[in-house]
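Here is what TrEMBL says about this protein:
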type	residues	note
BINDING	Cys68, Cys72, Cys75	[4Fe-4S] cluster binding site
DOMAIN	54-287	domain 'Radical SAM core'
Amino acid sequence: MADDVARLKVIREKVEAGERLSFDDGLALEASRDILEIGALANLVRERKNGDLGFYNVNTHINPTNVCVYTCDFCAFRADLDEPKAYVMYRDQVVERARQASERGATEIHIVGGLHHKLKLDYYCDVIRWIKEVDPEIHVKAYTAVEVEFFAKITRVSTEEVLKRLIDAGLGSLPGGGAEIFHPEVREKICGAKATTEQWLDVHRTAHRLGLHSNATMLYGHIDGPVHRIDHMVRLRELQDETGGFQTFIPLAFHPDNSEMADIPRPSGMMDLKTMAISRLMLDNFPHIKAYWVMLGLKTAQVALSFGADDIDGTVVHEKIYHEAGAETPQEATVAEIRRLIEEAGRVPIERDTLYREIRREGGRWSAGAKIQTPSLAILNS
Ligand code: MET
C-alpha cells in the first residue's frame, strides 16, 4: 500500500512534467487499485490534449461478409461457408445500406468483416466503390490490417499494393481492429492463424507512409495480463513515434458470449475504467482515446470521459460483431442521446468526421471544417 502510494506519486510527478511513462510505470499503474488517482492522472493528460471536448460522429457499420477462414477464439461473428448464418453482401445490399446512411447524414461508413477465401480483392474494392457511387462525400474507413494482409496473401501482391488499390477505390482510412493482443503468449493462443503482430504493425506503417490515418485497438479482459496490455501499448507508442499516423486508440472490452472463451467472465467496471485511463497515460503520442460505447455500455462510456477518453464513437447502427458476442447495448444511439451523455459528463459535445474535423450541419447537409485543435493542442503543434 505504502509502496503503491510512493509509486503513484512518482508517476504523478512525471505526468505533471509531461514526461513519458516507462514500461514499469505501466505495470505499477496496472498493479494499483487507486482508480481515482489513476483516473485523475489520465484526466489531466486528456484535458491537456483535448480540453473539455467530447467527440462523437454520425456513422454506420457494414460487415460485408461473416464467412471467415480464421477461427479466433473470441469471435462470435464468424461463419463457415456452409453454415445457415453465413452471408455475403452484394451490390444491392451495400448500395441500400449506403443510401440509408447518406440520408441519415452519416459522415462515415466503418467496414470490417470476415476473411472469405472465395472472394477476390476486386470484391472488397467494389464494396468501397459501391458506397462512393451513392455518396462520394462519405468517408470509408475500411478493412483491418488483418484483412489487408489476407487480401495480399490471396491476391499474391504486397500489402502496399493492396492498400493502393483500396485507396484507388475510395478508401479514406484504416480502422484499428485485428490488433487484439500483440504479445505472442496471448496472440498465439487466441488468434494464432491471422496476421502476426509484426504484420499488423507493418500494414499500419505502410498505410501511414501512403498518407492514410488509422486507429488501433486492444481486446482486453480475457486471458491477457498486465504485461501483455502494457507491451501492447508500448509497441503502438513506438510505431506512433516513427510515423505519427495513428489518430485514436480504442480499448475493446472482451465479450465472451457465443465464443470459444464463453467461460471467461466479462471485464469489470473497474477494469474498463482502469484500462481506459492507463491507455491515456501510456499512449502519450496518440491524440485521441475512444470509449466505444457499444462494448462498454453507454453508462461506462460516459464515465470514461473523465478517465482519459475524449471520444465516444458514433451513432453506429447495424453493429453485428459485438452484439453476436453478447453486447446488451442498443443497435443505435441517437445524436440527442450521445450529446446529452457528453454534456452531463461536463464535456462539450463536438460532432467530428473521421479525421477529427468539426462537422457543421445546415438543413439536411453537412460540411467539414478545419481539424479541431484545442488551445493546448495548437501550442503543442506550433
Ligand atoms: N476479421 C477482422 C480481423 O480480425 C475484423 C475484426 S473486426 C474488429 O481483423
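Count begins at 1; order follows the chain as displayed.
Even glycines carry a Cβ here, placed using N, Cα and C.
TrEMBL annotations: computationally assigned, not manually curated.
Owing to the predicted nature of the structure, the values given are computational and were not obtained by experimental measurement.
Within 8 A of the CB centroid of the [4Fe-4S] cluster site residues Cys68, Cys72, Cys75, the other residues of that chain are Tyr70, Thr71, Phe74, Phe77, Arg78, Gly114, Cys191, Lys194. Of all Cβ atoms in the protein chains displayed, 21 besides its own lie within 10 Å of the Cβ of Cys75 ([4Fe-4S] cluster binding site). DSSP gives Cys72 ([4Fe-4S] cluster binding site) a coil state; it is part of no helix or strand.
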